[in-house]
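Asks: Got a structure for you, written out below as structure tokens; questions coming shortly.
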Amino acid sequence: MISLYQILAEKKKKKKNDLNIFAFSVFAIICFKFYSVNAIKLPQQEVDALQQIATTLGSKFWKFDAENCKIEMVGLTETPPPTAKQEIECECSPTNDTDCHVVKFAFKDHNLPGTLPQIVKLPYLREIDLAYNYINGTLPREWASSNLTFISLLVNRLSGEIPKEFGNSSLTYLDLESNAFSGTIPQELGNLVHLKKLLLSSNKLTGTLPASLARLQNMTDFRINDLQLSGTIPSYIQNWKQLERLEMIASGLTGPIPSVISVLSNLVNLRISDIRGPVQPFPSLKNVTGLTKIILKNCNISGQIPTYLSHLKELETLDLSFNKLVGGIPSFAQAENLRFIILAGNMLEGDAPDELLRDGITVDLSYNNLKWQSPESRACRPNMNLNLNLFQSTSTKKSSKFLPCIKDFKCPRYSSCLHVNCGGSDMYVKEKKTKELYEGDGNVEGGAAKYFLKPDANWGFSSTGDFMDDNNFQNTRFTMFVPASNQSDLYKSARIAPVSLTYFHACLENGNYTINLDFAEIRFTNDENYNRLGRRLFDIYIQEKLVAKDFNIMDEAKGAQTPIIKPLTAYVTNHFLTIRLSWAGKGTTRIPTRGVYGPIISAISIVSDSKPCERPKTGMSPGAYIAIGIGAPCLIIFILGFLWICGCLPRCGRQRKDPYEEELPSGTFTLRQIKFATDDFNPTNKIGEGGFGAVFKGVLADGRVVAVKQLSSKSRQGNREFLNEIGAISCLQHPNLVKLHGFCVERAQLLLAYEYMENNSLSSALFSPKHKQIPMDWPTRFKICCGIAKGLAFLHEESPLKFVHRDIKATNILLDKDLTPKISDFGLARLDEEEKTHISTKVAGTIGYMAPEYALWGYLTFKADVYSFGVLVLEIVAGITNSNFMGAGDSVCLLEFANECVESGHLMQVVDERLRPEVDRKEAEAVIKVALVCSSASPTDRPLMSEVVAMLEGLYPVPESTPGVSRNAGDIRFKAFKDLRRGMENNSKTQCSVKSYPSSSSTSSGAGQAVQERKKEESRP
């Protein structure tokens, strides 16, 4: 048998640099089941049947090893994703281990384009899994007479009726979700008395639920979402005593929810939403104590929220949004596992209990009649709960109804237009004869309960709901970006929401407006695979008036990845305009993956019909507008600082009587103020060493806590770094960049005051001795990686002034109280002037993080930061520094060790052993691969940071193959470490780097010793 490695070797002889070798085949060693180590023997009939199945399914190449019951290769038109699965399982007779038969085959996530095969020649077959393919045709009636117990055809193109003959089968599992089956649900399915799971969501099924389904007393999972059924929810569901999961979302059935639901004591996951019918009381769930998810959205439920819900200790998600609930809100004090509580769109009154407003819970109280709310209320305290939505949550008629936590809000002026780049950055767009500025909100992370008001602009958005079942709690998934796209930049980004997304403007001129909503479906594709099978439907409301029902972007635009503009009108009477997009449960939810649904929008244009939109009158380019608007203040600060240093301007505060009270120019402090804040630079306030200077904690006279960086003005380098940092930080504003509060130049002192980070640096949090470390689970580390990537993407691609940081490392990543990463120490930042392809510069940075082309030749591009980011991500994943880690054998640093782990297929060895029991293996391996691609030896092999962000968020494929380690001694990435190691061996030293930082793992001669050292450190009190 010729192995794949032999094939690869032959290929490499022909073409060494062919990186797309996997496009022609996939190698899969498949698990098999038999009871002897001897070669098994399948009947030739079954071997031939498998070959015929391959042809019918549309596989272009198939090689089946009958002696070992495994598939060696399945030829495909493209490399399947990591989730692809191909499996043949055989069983042999206990008395004759050569008498074997095929009992299962699975080809999942392969985009096979054929039809369903005949299986009559596989009489022992029990399981078929063909989920996530592109199979068309009908469901063969002959399958009903087989021995099948398990059928999964999730996400395909199958159509026609469900054969009634399946009522005579032995099925225990039937998943037909996300196809195009039509007709009614056969009443014969009621004969499947052993059936445990029946999943029929997202089809074209009509009619009522057959009464015969009452006999399915072994049912544990029943899902009928996104259908066109009729009739009421049947009371016979009380017979399903074993039921654990019930989903009826936009099924077409009407209410009320039967009261007998209370007898389903095994229910864990209850989802009933978007049902029509009369007003109904809250369904009785008092006896269903094991519930973890309760979704009763838009069910026309009235009355009060039952207090017993707050005693459900296992409850994680409670969504009662868009009903008619009144009264107060229970405390939910005993619901210890509660993570999401969505009560939007009701008529709730009174206060929100303090127990509800606790950290770690996402709370949405928007669109209610609460009376407690005021700027002084607990919910309005700064940073009290970052996941709290209070939009239109009070009954008051004042502006605070729309803009909570703002006292005596008054519009400074009224606008006649607004242009928003939803989920993107600020950009100018040519419209007719002008260029309009579309303000971006891409820097604002979303959330299951998010309220955002843009400072000084009087517009914002409210987002409601969580993407269920995606097993992802990162708020970055509420925006989308497609870096590789032929569309205009306006349609490469978008903002999405699971349930409801409302954009508003609070200060518009009254009158008639023309509204253009820009859409593009950037999550689905037009390719001939299952990615084009997705359906996204949502409703559009203007001023809370329904203007479009079941809006489908792909239908309107005649395909995916195609822009479409929806023109609408509005009349503004109270200076307030709302545009709400709402998901009503229709459309697919599992294409291309779980949790893909809900409204999505690329841009919004609002223009008055009677008053002109104010805009710049000159004909300058967008770059000129941005450079003047942002570059000029930076240049002024830069020049002032330079003149101060040269002594051309008076020093700050020399003749001031009371520098603490007098008002200073924005952004400046006196030396006395800084000394007062830091207790005269008391060593006890010293919190670390930044680039070229010490850092002190300080408290200003107004109570603001700052971090003060003290640089030496005696050094020309200190002066230059000071000016660089002032210019860089003052120009850049982003959630993942440190914020500058001000500076001071006085008495040979160069001082910067920037926002104080409660958790110091990432280096301190990860690599300090055990008692000083901050415990970080995998989701936290993943969040930090994403945040750093977004900050760098902003520096490189989104900021009007582009910067290369040049010194990305753990000590230059600061962490706020929520462990949000902030890139700091801009002292080495270089402006990418005139978008040059590279800059030849004097090398500055840190050994171990510097890209080889920069360290050796001073060749500087954005890709140098990408390299440093890759190394940093490996450190975050491993919990060990690159330079202080010395792997087993010839590995001289963490980067080389990680590359070796990829080659050996043991990627999880890179992961911090403290995380391995809990880590999401696929996610961790993907992150490591991203890090290795970023740290490729050649800059051309490294991605852009925007592509890195998309990879981490699952919106862009992670390369399966990464540039490997060069086995000759000249690999430029590791040469410095090898030379250093030889020098240390000659001098009997123990450190691994010229410049290193405190680490929890002392350097040793092998990977095992490094880990042992960390264990020793952690065992100390």
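Glycine is treated like the rest: Cβ placed from N, Cα and C.
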Asks: Where does the N-linked glycosylation site label fall among Asn287, Asn986, going by Swiss-Prot?
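Replies: So the answer, going by Swiss-Prot, is Asn287.
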Asks: Excluding the flanking five residues on each side, which residues at least 6 beyond the ends of the repeat 'LRR 9' (313-336) place their CB within less than 8 Å of a CB in that stretch?
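Replies: Non-local partners: 268, 273, 279, 282, 289-307, 342-356, 364-365, 464-466, 468, 499-500.
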Asks: Kindly report the helix/strand/coil residue split of the repeat 'LRR 1' (99-122) according to DSSP, in that order.
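Replies: Computed counts for the repeat 'LRR 1' (99-122) are 0 helix, 11 strand, 13 coil.
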Asks: Rank the binding-site residues Ile687, Glu689, Gly693, Val695 by the number of other Cβ atoms within 10 Å of each Cβ and report the first-ranked residue.
Replies: Val695
Asks: With helix taken as DSSP H, G or I, strand as E or B and everything else coil, how many residues of the repeat 'LRR 9' (313-336) land in each class?
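Replies: Counting residues per DSSP class in the repeat 'LRR 9' (313-336), I get 0 helix, 7 strand, 17 coil.
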Asks: Would you mind pulling the DSSP three-state label for Gly693 (ATP binding site)?
Replies: strand
